[in-house]
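Single-structure report; data block below.
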Amino acid sequence: MEDPEEMERSAQLRKHASRVMNAINSVVENISNPDKVSSILGLVGKAHALKYKVEPMYFKILSGVLLEVLGEDYSDCFTPDVQRAWTKLMGLVYWHMTAAYIEEGWVQLSSSAV
């Protein structure tokens, strides 16, 4: 799917976006419980490594897109401090997701992904 209009109309993409944001919300809600965060992201990472075979670099791309959209859509409140917090959060997500890939012996994990 490459056409932006097709992407906007895609129920499947909307459903996936909702799942992504729900996972991020779960991480935020449990941020003071590192074991829970690790468990949440470990499960998501393993599913993406084993079931969906998603290249880990796409998590980094997703992080950049999410930060860009937040900055554009919430420019009034997306201060440098808020941006740093979101960047740190997405770094945490990326780290746990790629750790799950490594744990599962993902052979396609490129050196640029870690």
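Using N, Cα and C of the backbone, Cβ positions are placed for all residues, glycine too.
TrEMBL has this to say about the protein:
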DOMAIN    1-102  domain 'Globin'
Composition by DSSP (helix, strand, coil) of residues within the domain 'Globin' (1-102): 83 helix, 0 strand, 19 coil
Reported mean pLDDT - the domain 'Globin' (1-102): 96
